[in-house]
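Data block below; observations after.
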Amino acid sequence: MSYFGEHFWGDKNHGFEVLYHCVKQGPVATKELADFIRERANIEETYSKAMAKLSKLASNGTPMGTFAPLWEVFRVSSDKLALCHLELTRKLHDLLKDVLRYGEEQLKTHKKCKEEVLGTVDAVQMLSGVGQLLPKSRENYLSRCMDLERLRRENTSQKEMDKAETKSKKAADSLRRSVDKYNSARADFEIKMLDSALRFQAMEEAHLQHMKALLGSYAHSVEDTHVQIGQVHEEFKQNVENVTVDMLLRKFAESKGTGREKPGPLDFDAYSSAALQEAMKRLRGAKAFRLPGLSRREPRASVDFLESDSGVPPEVDDEGFTVRPDISQNNGAEPPRFSSSDSDFDDEEPRKFYVHIKPAPTRAVACSSEAAAAQLRATAGSLILPPGPGGTMKRHSSRDTSGKPQRPRSAPRTGSCAEKPLASEEPLSKSLFGPPLESAFDHDDFTGSSSLGFTSSPSPFSSSSPENVEDSGLDSPSHAAPGPSPESWVPRPGTPQSPPTCRAQHPEPRGLMPRAPSPGPWGPEGGADSLTPADPTREGLAATLRRPRSRKVSCPLTRSNGDLCRSLSPSPLGSSAPTIPPDRPSFSTQMGHGISRGPSPVVLGSQDALPVATAFTEYVHAYFRGHSPSCLARVTGELTMTFPAGIVRVFSGTPPPPVLSFRLVNTAPVEHFQPNADLIFSDPSQSDPETKDFWLNMAALTEALQHQAEQNPTASYYNLVLLRYQFSRPGPESVPLQMSAHWQCGPTLTRVSVEYSYRAGATAVSTPLTNVQILLPVGEPVTSVRLQPAATWNTEEKRFTWKLPDVCEAGGSGHLSASWQPQSGPSTPSPVAAQFTSEGATLSGLDLELLGGGYRMSLVKRRFATGMYLVSC
């Protein structure tokens, strides 16, 4: 209904001005709404900081007493409330950006509308001008008519009458022209005014709809936050109820108890006889009382020692004193180890110290790596760490309590280690302090998540060209954390894993059976047919927001370890899991001698951001049939995030670390996301299909990293699988390698031809396919085999394997053929399998952006490989 077209007319024609000023108030309302949302975001941020401060206050509660475990309940609840309000702050800031963006667009729209309604402004001005002239013309006409009538009554001359009639006719004509001009201006004004009114109403309708949508987003964000807050309070109430009084008393008794054995009764006779015997022993061992050091004529204990040990009688001077032998003349004898403490005049004599360092006993010349590593650990364990920044270290005295000099200790060294520097010092330093953070993705186990107990399928990737990126500086902390023992910083030799090599397996039906994904702590976001559902008894947001402390409540606050030790295949497909694992050869490193402090530890606030790295790993499953260009394809992938080892201490210290949040872009092709419910949260209310925001549960992240650090304290980085995803790829252009196969099975001759071609459109960035292998199974005895080009034969698995060079866009096609004579009748066609890997791109095109501050992205790795890649005739 056109409200503006019906209610803004009137005699004075002020309707257009009212409508125009109403439209101009739109940007003002948008600006005021932005100010309101900004102020609400500031309030939520302040409240979040206050809750974080309250959580810190709860964490500093006294660990003594039976009430101590309940402080952990308060801390967890406060952390969750702070996280809820912080998430609302983030949503409000995003909404504020939308409001400001709309305000800019609104200004452009109003500027364009102002140019379009200029005609209406002219029509209003024209009608106003004509309306002002019309009364004047009417007054003039009335005046002329009255003059003519007055002359007629006065019987004026005809000449005067003619003049008056002429003037009256001219006034009538002028009035008629004014009326016609007014009617014309009015008609033009009515048309333009109606058009402008409709235009203004449409603008206001769009403005109000957009503003209502913004208000709906605001209300939805606040409502979601209040629902989460209600869940946190409900969980707090449940946790308090679960921690019973008996549980608190039992926990205090078990942790602070002094023992279960009660003191027994005493027998007076036995107790008194034992005391009497002890007193007699003390009396027999006592010496006569005397004041030492009053006379220099008392012989020294050291002289008595020399007399008893030396076969030469001591030299005596004229007064009867024994002369101390010169140390320089008695090199053959062992220096005295005792001195007299009975004299008060010891400090007046010059005292000489004789230090004799005995060489280490001769050992075998050969020094094994195990002995060298054990020796290095013993040496490093006796070292004292340098003081931290702003700290001081007291220098200990070289004398013991008796005043004698201590003999310096030296670590035993073998002959070969002491003769020359070892050439293996560089591998040792790498094993002690680890490679840079970015080298975490050069190993085959980067897709695993050892902290959560997830085991992924073997990765077919190998590290051929490690990137030269900056060192994170967090790989080798030189200061021990306040919690662990000093052994946590003692370097230990590691045994890094080697990159695997692709080895194909015979794709027999038994080897192509899919592996069902194991249940794990993952929350699906898709259909039940594609992703394994999570445990229905799993606790949601309430059960994962916790931080490990020295005191924990033995109640449902902590999750059972059973969920954390389950394995999950990287391919959640029910029938398309990669079942051709590569070999994993072992790798060992000879350890040498040497030690280095490594880079200085990073303290939160000493750098702009903490480094993290991510990796996208995808597996493509495809099935081709004969020479048909169509295929069935599905891609599964996972996102892995890597943290340097030193960041564990930063996360465990104070102040608490900022929340790590990130955004996945180009998510429209992905059908299902399966996030790790124990580590990350997502906003289900996001409407943009191209992006998806996630943020990490910092308490659970810290616990997972600490668990990995306990399991592997020498690791320089830790990997965590954050989420998995899958999507379908229809059409032949959706896979990187198009394949076709043709079998000709005769009674005396079998011919097989395989064709392949590279598809550059499967990925956004064309990357070569490496480690390409084509596997042709032959499950029968054959003779007269001819292969073009040459292939290798695996007797155990009964298959031919073509190892092809890298397949890229230039010349990325080829033809393979094989023929043989079957010995047991016509051959049975079997599927031909392919294997390959690719670095530098993904099939999904997903990308990751960090949100907020406190972290920086050190490296983003992208790679994909084959899962089940088959072609049948």
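Placement of Cβ uses the backbone N, Cα and C atoms for every residue, glycine included.
Of S476, S518, S830, the one with phosphoserine in Swiss-Prot is S518, while the others lack that note in the record, though it may still apply to them.
Looking at 155-178, 323-346, 491-514, the range tied to coiled coil in Swiss-Prot is 155-178. Assigned with DSSP, the residues of the region 'Disordered' (813-833) fall into helix, strand and coil as follows: 0 helix, 12 strand, 9 coil. Same-chain neighbours of the region 'Disordered' (153-172): 137, 140-141, 143-145, 147, counting only residues six or more beyond its ends whose CB sits under 8 Å from a CB of the stretch.
Within the region 'Disordered' (153-172), the DSSP-based counts of helix, strand and coil residues read 16 helix, 0 strand, 4 coil. Over the domain 'MHD' (609-872) the predicted model carries a mean pLDDT of 89.
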